[in-house]
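Q: Mind looking over this structure? Questions follow.
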Amino acid sequence: MKNISDLWNQALGQIEKKLSKPSFETWMKSTKAHSLQGDTLIITAPNEFARDWLESRYLHLIADTIYDLTGEELSIKFVIPQNQNEEDFMPKSPIKKMSKEEPADFPQNMLNPKYTFDTFVIGSGNRFAHAASLAVAEAPAKAYNPLFIYGGVGLGKTHLMHAIGHYVIDHNPSAKVVYLSSEKFTNEFINSIRDNKAVDFRNRYRNVDVLLIDDIQFLAGKEQTQEEFFHTFNTLHEETKQIVISSDRPPKEIPTLEDRLRSRFEWGLITDITPPDLETRIAILRKKAKAEGLDIPNEVMLYIANQIDSNIRELEGALIRVVAYSSLINKDINADLAAEALKDIIPSSKPKVITIKDIQRIVGQQFNIKLEDFKAKKRTKSVAFPRQIAMYLSREMTDSSLPKIGEEFGGRDHTTVIHAHEKISKLLSDDEQLQQQIKEIKEQLR
């Protein structure tokens with residue numbers, strides 16, 4: 001066994017690649033390797049809150065990473081520095097030590113207890129995927145087989161897969177449900193060939209009732225693994241066993257994926273998950289806060305939801321970062337504290353939201369007219385022309401609809417907005433002075 005500090009630094013390097021930046025910096029960066037007690041690797045966490053979070057969320061990820069680096073499955077125990085006594089070092093859930101040369105027993109389903117249908121927040125971007133997943137869970141291999149869920153990182157694909165597994169086991173405790181990533185499938189397949197255990201490997205994954213395989217896109221370019229998965233897929237499908245697959249893209253967009261696999265992925269139902277809208281993001285934060293027993297002011301949840309619009313993982317990570325920051329500096333949570341806690345993870349280059357009123361204000365300054373003139377009925381050129389420029393910019397620089405733009409200009413009809421946009425666009429093609437004016441206005445707005 002290598003020096004544990006070096007081992008842990010290597011592990012952190014691998015884990016950093018698998019987590020979002022906010023999650024890694026909030027939970028992993030401050031951990032340190034303490035010691036190795038028998039088969040248990042002792043890791044220090046900065047406080048009780050962090051320790052509990054690491055145990056509930058990242059135990060398996062860390063154990064898998066250590067296994068990949070050492071070939072040994074060690075128990076992982078988190079402790080707080082000031083409480084390090086002999087009793088603290090006793091592992092809560094020891095993991096059987098196993099060398100890579102020894103055959104594994106039937107794999108555990110590895111389902112996260114927090115990923116259930118009850119904890120999944122339904123929104124416009126995931127409603128269909130949720131309904132399809134529930135249908136599959138209620139009637140495995142009878143509704144959609146395979147079910148293929150795709151979408152960006154951290155949008156809830158893995159959550160739905162775990163939820164399917166939990167539902168099946170809850171309603172049929174004897175069911176053999178296995179969840180794993182395609183990367184793990186690949187690694188185990190390679191090890192089985194090296195150790196001459198291919199038959200054991202095949203029996204392990206072809207004798208299940210439900211196979212949940214995550215991030216299938218990592219099979220791209222791995223010809224032998226694709227061959228093995230092809231036969232695994234066929235065996236399960238022919239025996240009416242449920243297959244659920246996730247990916248960051250639809251089958252047709254996975255490069256170097258064999259056509260025969262691609263076609264099989266398309267046999268069942270393909271559904272996507274898109275980033276959550278503002279209302280869904282707020283609902284996710286509320287549910288997360290309730291699940292963790294956190295009292296978070298509405299203004300803070302609104303602030304986080306407005307700032308983090310990429311995915312659920314970063315959204316929840318931001319919430320926990322705010323809570324952890326509040327705990328560390330011993331201050332109440334409010335919007336100002338949230339802004340301070342998240343300043344390092346919210347891009348400073350986040351595009352400014354430009355409003356129609358912003359445009360009217362800057363155009364008014366440029367042409368020396370009052371804000372009320374934009375809504376007035378005046379038709380003099382000194383007012384009408386700047387108004388048309390403002391309408392043009394509102395169409396170009398905001399997401400507002402034509403009726404909405406018209407409403408902000410004194411309730412004018414949408415055809416008036418179209419006319420203004422067309423007129424200014426035509427003038428810009430050969431009017432250098434106007435081009436310069438528009439450029440200056442845009443620079444001030446940005």
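Cβ coordinates are placed from backbone N, Cα and C, and glycine is handled just like the others.
Not measured: the values here are computed from a predicted model.
So Swiss-Prot has the following annotated:
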- G154, G156, K157, T158: ATP binding site (BINDING)
- 1-72: region 'Domain I, interacts with DnaA modulators' (REGION)
- 72-109: region 'Domain II' (REGION)
- 110-326: region 'Domain III, AAA+ region' (REGION)
- 327-446: region 'Domain IV, binds dsDNA' (REGION)
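Walk me through where these features lie, including what they touch and how far apart they are.
A: Reduced to three states, the DSSP call for G156 (ATP binding site) is coil. The number of other Cβ atoms within 10 Å of the Cβ belonging to G156 (ATP binding site), over all protein chains shown, comes to 27.
Across the region 'Domain I, interacts with DnaA modulators' (1-72), DSSP classifies residues as 45 helix, 11 strand, 16 coil.
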Q: Over the region 'Domain II' (72-109), what is the model's mean pLDDT?
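A: Mean pLDDT across the region 'Domain II' (72-109) comes out at 50.
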Q: Residue counts in helix (H, G, I), strand (E, B) and coil for the region 'Domain IV, binds dsDNA' (327-446), per DSSP?
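A: Per-class counts: 80 helix, 0 strand, 40 coil.
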